[in-house]
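Reading through the structure tokens given below for one structure.
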2 protein chains.
Amino acid sequence: MCPSKVAEGDQRGWIVPIGGAENKDENPRILKRFLAVAGGSTAEIVVIPTASQLRDTGPRYQRLFGELGARKVEVVDFDSRGDCTDSGRLDRIERASAIFFTGGNQLRLSTILGGTPAAQMIRACNAAGVTVGGTSAGASILSEHMIAFGKEGSSPRADSVRLAPGLGLTNRFVIDQHFRQRDRLGRLLAALAYNPFAIGIGLDEDTAAFIGPDNTLEVEGSGSVSVVDAGNLGFSSMADAGEEQPVCMLGLTVHILLAGATFNLATRKASAGTLARSKT
Amino acid sequence: MCPSKVAEGDQRGWIVPIGGAENKDENPRILKRFLAVAGGSTAEIVVIPTASQLRDTGPRYQRLFGELGARKVEVVDFDSRGDCTDSGRLDRIERASAIFFTGGNQLRLSTILGGTPAAQMIRACNAAGVTVGGTSAGASILSEHMIAFGKEGSSPRADSVRLAPGLGLTNRFVIDQHFRQRDRLGRLLAALAYNPFAIGIGLDEDTAAFIGPDNTLEVEGSGSVSVVDAGNLGFSSMADAGEEQPVCMLGLTVHILLAGATFNLATRKASAGTLARSKT
């Protein structure tokens, strides 16, 4: 799906992919910042636990965002494609100031929500200014081209990755999560080799990319965000590689960002941001 | 140690780091090519099994190179620093057309050979045109700055890597091996963050970099060679990062090379080489 069009005068809402396993206890700085861009004390958050098959996943985030000070948090589960046309659920989505997808399996999200009124409404809400984010599988689903699954390893192979259409809030990037912890650079590179137009974003656990309406990505959390820009790719052998074969890719630009650093998805420029503060 | 100076009129010999676990049976193409740059049927190869503590390691490579057609293959083990001044061993090194370090523990190589007449002779031989290569630990030892050990993970942390002085055949690159198989990008990036002047070379298993006298690196084998060029690094937070903390690095250039592709260590240009052959 192509990204929803932002109406004239409107600003797209924040897009917030989180790499999974975000700190929920001593230092829930990612969830706090999500709440801040969701409206702070006036936030009305809808938690969508569809990716998960654990009964407690939704209520847990409901409790967390409530304790952090959200005005209202509701769990809206979509357990079947039929649920995605239910007017009660759609009404609750429409009233939200932010939408949060939990972790689980991103193919549950794409197979249940894909092409339904619920997916259309979430896209339209984001285009109209509503914050949409998610963790782990809930991060992967956000972009137009979603990594459904793949293989471990730092270098790309022709069969490293399988893509599926995602929610399509943006087509500027492809997201991968649990990045450092599950050795996923190769599958992200393979996704970029298929078509180098997008920017790869690899999110470590407890690390998030806060992508503002101006397309500036800011990092929050304890790990790093690996940004892979294939825009200047000089050569790739993907088209000629057999299944399981390694892939040659020449001219990748990589930035390892930490909290405080930024990357502009439009200009493709990285900045050290507050990490480069002058000596005091 | 700084690289040995190449005398006027001389050409440095090949430097051949191999990523470990090279195919020795059905398709020993790396060992075959090593033999070719060692002189082919006139090759006299010295195998140094010092990194290994297995009795059979040296004789195994002696047998392999013999079967592939080397004129003479000798195993010269250095089991103590005293061995490194032994004139019999030094004589055999001096007569070799190529020197091959087996795998094992690179710290055994650096602690036993470092600063001895044997190390000096190997450096001088390479500067005078003798091929020097090695696999796994035997690859790591070749450069001036050697990765002694480190931690897994694709993104760099301040404590990802420990460097030690290596044999110093060149200071243009830092080598890591078993690269894809052991998830070692982060420790190579950390090594480059310490001082971005060098080029990082990450060798997959059954994959080798054949670095010619003209500083062109050619890939051989079934996997990939990840070349990380930090020459245009715009920012790194290494100096400010606490132990175990992630490190921000902006502006890395990465090439994933396969057999047929090349990288020039002097000009820092990658080429698809024979992979980019025109349609037939």
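Quick reminder: no glycine exception, Cβ is built from N, Cα and C everywhere.
Remember, TrEMBL labels are computer predictions, not curated facts.
Feature annotations, courtesy of TrEMBL:
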ACT_SITE  B:Ser136  active site, charge relay system
ACT_SITE  B:His178  active site, charge relay system
ACT_SITE  B:Glu205  active site, charge relay system
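This view paints the features noted in TrEMBL onto the structure.
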residue  : record                           : DSSP class
B:Ser136 : active site, charge relay system : coil
B:His178 : active site, charge relay system : coil
B:Glu205 : active site, charge relay system : coil
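Recorded residues B:Glu205 (active site, charge relay system) and B:His178 (active site, charge relay system) have their alpha carbons 5 Å apart, per Cα-Cα distance.
Note: the CA-CA distance between B:Ser136 (active site, charge relay system) and B:His178 (active site, charge relay system) rounds to 7 Å. Of all the active-site residues listed here (B:Ser136, B:His178, B:Glu205), the one with the fewest other CB atoms within 10 A of its own CB is B:His178.
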